[in-house]
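What TrEMBL says about this one:
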COMPBIAS  14-24  compositional bias 'Polar residues'
REGION    1-26  region 'Disordered'
TRANSMEM  50-72  transmembrane segment
TRANSMEM  92-112  transmembrane segment
TRANSMEM  124-148  transmembrane segment
TRANSMEM  160-186  transmembrane segment
TRANSMEM  193-214  transmembrane segment
TRANSMEM  229-253  transmembrane segment
Amino acid sequence: MGQENVRSRVGKPQDSQFQLNNPNRLGVKTEDSLHHAQRFLIPRNQRRGFLLKFTLMTILGWVVGGIVSIALEKTILESLPTDGQQQTWYSLGRYFSSVLFALVFAADQALVIRKYISGKLWMLATAFGWLISNSVSTAWINYISYIALSLHKSLSSYEIIGLGLLSTMSYVLSGVWLGICQWLVLRRYVARVWWWNFLPPISFLLISILIWLVSQVQQFIPLSNRVQIVYLTGQGLTALILGVIPAIGLCTLKKKLS
């Protein structure tokens, strides 16, 4: 009995010494775990705030950019000359309003992301990529519409669905241009970011699905306010997706090893 008591007494300080030498037993973060956590572009303790701020600023940029671009376009159209140059001025008005919208939209996102990467580069890349994506999708959709009109016949339901799917695919795939422009900036700061090229198309696909779902339930909306409600719902969902999806993607990025 005495020997057993001695052994138990001797074993206690050895166990304590083992626990002190083993930081994982005490819940202490090792240098490797701290280094792994510090590699994220958006630190773990800032992700929730970043996600909220980035989404809200994206929605704000979408709303403000839409208002000021519509106001600019309306001002230009109201001052159109009465000669044969109306079409030229109309095209210029649409172009400048699109540029203004893209800059406002991108600048609002840059106000949040500038803490982690260059805000100026993000603004330029997002604005330029948005303009390219919008131009490409518009050109393809107009071309598909031209094909439909050139048939000079009433389209069947299958043909209408097929042309609609082609237009949607054109819109979705055009997001690659936005992804490429943003990728050119992100690759300066983070590693293994090639998949970002396909993130905007995913956002555009989700937007298309949600807009389609809204169109399927619009018959339940009162006719007097149907157009306004459907339009505002579509705009709100678009802005929300364009904020949430990139914010989640940014939170998963890791910095380059120095």
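The backbone N, Cα and C atoms fix where each Cβ goes, and this holds for glycine too.
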Subject >> Candidates 50-72, 92-112, 124-148, 160-186; stretch with most C-beta pairs under 8 Å toward the transmembrane segment (193-214) >> reply: 160-186
Subject >> When counting Cβ pairs under 8 Å to the transmembrane segment (50-72), the leader among 92-112, 160-186, 229-253 >> reply: 92-112
